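Have a look at the structure below before the remarks.
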Amino acid sequence: MTILQILWFVVIAVLFAGFLFFEGFDFGAGMATRLLANNDSERQTILRSIAPHWDGNEVWLITAGGAMFASFPLWYASLFSGYYILLFLTLIALIFRGVSFEFTAHAQNAFQRSLWLWTNFIGSVSAPFLLGMLLTSMMQGVPMDAQGNVWAGFFVVVNWLSVVGGLAVAYLSLIHGLHFISLKTKNSLHNRAINMADKLYWLVYPVLVIFALLAIFQTDFFTKHLMTSLFIVILLVLATLLGHLAIHYGHNAYAFSASGLSLILVIAFIFNGIFPRVMVSNNGKHDLLISTASASSLTLEIMTGVLAVLLPIVLIYSAWSYWIQRKKFVDIK
Amino acid sequence: MITLAMNVISLSRFQFAMTTLFHFLYVPLSIGFGLMVAIMETIYVKTKNPVYLKMTKFWSKIFLLSFAVGVVTGIIQEFQFGMNWSNYSRFMGDIFGAPLAIEALLAFFLESTMLGVWMFTWDRFKPAVHAIFMWLTWLGSALSALWILAANSFMQHPTGFMINTKTGHVKLTDFWSVISNEQLWYQFPHVIFGAFTTAAMVVAGMSAFGLIWKQNHEFHLKSLRLGLIVGLIFAVATIAAGDLQTRYIIKDQPMKFAATEGIYKNTTSPASWQAVALIDTKNEKVDQSIEVPYLLSLLSYHKLSGSVTGMTKVNKELHAKYDKKFGKNMNYYVPVKTLFWSFRIMAGGGSLIALVCVLGLFFSRKKKNTLLEKKWLLWVLALTTFLPFIVNSCGWLITELGRYPWVVYGLQTIADAVSPTSTVGGLLFTNIVYFLLFAALGAFMFYYARKTLKDGPDHLEKTEIYDDDSAVDPLDQEVFNK
């Protein structure tokens, strides 16, 4: 393993974490259009708060995919072909969700409008759930052959660990989204978002605990990386607790940071656990390793240069775009 | 026949072709529309004429629709390499992934962030500053075209690599040579100018519909003329770039070129051009054709002499070159008829667009505008809305089918590129779902674009009710009209 290979393993983790941090809250806001909003105008207010940003947020996923292709082509090939149907369903969810923003604005009657609002909701629920399933099901070792082909049958994809993992990501996204709404709105929606998140936390703890327990029994994370895995799990629980306390005592910005951190820690837990592998095989023989799955050192060097120049620029103008649109929204009376 | 076609390779190919062609209806449209809207807003900044502000807002509705559908289908495209073509990804990853990642980092972030800023900050910036955001959006989309074509160009003409003897995979040796690939610099101008033409003609064509429906006269006439001017400039530029590209293809991929002209035997010098031909692919000959003397030499070499190598000879050469590596049983003939007719539709359609632009501009000139009396011309202009899409699709058919049987020219065949884990059942299912999805997205996009045009530009003002952004329908165009 070279330093560049480890760096790119971390970069892929950071990109997935960035995706969950950013797109997580707009998934959550999409879920809130049905779970929190009481009427059409509240739905509009929620959608308005994420409308300028969701597209840029989704680019994190596109970048993660592209960067994985560039830095670990063998990982990209095995993961994407092996999890074919799950990725396919995720794509369908993202497509429906993506067009719904624009199509809602063009809807000609109440029926079409509600069609696209529901589309947005269903996409916002299923995308984080399916992605959570994908990320967590590959923790436990998948059937792979010597060429790195993954033969992921139904029960490899759908099992207790992956379902609970999917739920965890979806719940955390919802809470993250509610925190975002509490920051972007005033009055009724603002208050109800805080209340709802405060109560929902009680549901998140058991999901996280079951997830950690399943991870102990279904994966080798705690045998291979006992200390770091434990450390991250404790951080995850602490971050969630912190978010809960913060929202309970009205520190909305802290709560938002804490829920974002929880999502980042889920990714950290997975990437820490699979290290130094990128894909874990169920027989232990055909693991894809960081050292063998990566692109050539020249490609990694070039990509490192590109990343070092472009990522700071991207972060600066993304931050700027949030800053200039920081105004809070009040619902239509 | 049907059972024969139902294998993993053909279903994967069908899926890729379907996704690419559908995606590529919206990509040129949104790249071009970014330019059109940026030009409109810039003219508004310069002239302060409110009709240009109205134009900016009205046409950006169509732009946003095309952008939405283009974005979501683009994600499929990126994931498909890994999902359906995993052996290709393993083989090519060292080179193909980098442009994709750079595209995301350099172009997509810029494009989508700036568009988000542009849409919702009408009241926050001076018009001149606000226009910059659209230019940046457009720049992002143009840059993404550059990088995706860099990746495609490697597949057409691999450079800057070696084969890793241990893994058998492509290994990057010279990144500069991947970017300075000749194929790219012949392909990029042709594609990007074609994209500008596409949106310009959609603006012009839809304005013609507006004029036929007797909507806001000044608005549509100004839009029409702007569309025609931009359309003419870039239609000519596209043809010129295509001409350069063709002359490069003659050298670089002679099979592709010979197929677009339906030439089996080497031509005489000077060579005559077959305008139409009945091609017998089984017996490898042309049954009947209508020919124009000298024209093929003129088109190929820009002079009145010179023969063109036919497919039979190219086939022999390819066998001599690649038999050791790929075996004697390879079939190097590309789908001749499809290429032959695609080329004619592309080149003919492109020329027709330029001609329509000239006619439209001539009859709508300021001194003597008789366009409205010429109902036939208005209808021709209106119908031209659809032509660029057919032309663009044919262009891609030539480019992509023309490198058959390889996915990476001379290095990897299509059969070797496919995912070993794919199944007929899975592919059948996803093909059907994608097909229904694309049909639905296309239908809604068309329906909403048509509806927007039917409502007309004056509809904008009627719905302009808002008091600050505290109390507005978030996604309604009302906010946006601010």
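Cβ from N, Cα, C; glycine included.
All TrEMBL annotations are machine predictions without curation.
The transmembrane segment annotation in TrEMBL covers A:6-25, A:83-103, A:115-139, A:151-179, A:200-219, A:225-247, A:254-275, A:302-324.
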Proximity of the transmembrane segment (A:254-275) to the transmembrane segment (A:115-139), 3+ C-beta pairs under 8 angstroms: yes
The transmembrane segment (A:83-103) vs the transmembrane segment (A:151-179): 3 or more CB pairs under 8 Å: yes
Leading contact stretch, A:115-139, A:151-179, A:225-247, A:302-324 vs the transmembrane segment (A:200-219) - CB distance under 8 Å: A:151-179
Recorded stretches the transmembrane segment (A:6-25) and the transmembrane segment (A:225-247) touching, at least 3 CB pairs under 8 Å: no
Distant-in-sequence neighbours of the transmembrane segment (A:225-247), which means Cβ under 8 A and at least six residues beyond its ends: 172, 175, 179, 182, 194, 197-198, 201, 204-205, 208, 212, 215, 254-255, 258-259, 261-262, 265-266, 268-269, 272-273, 275
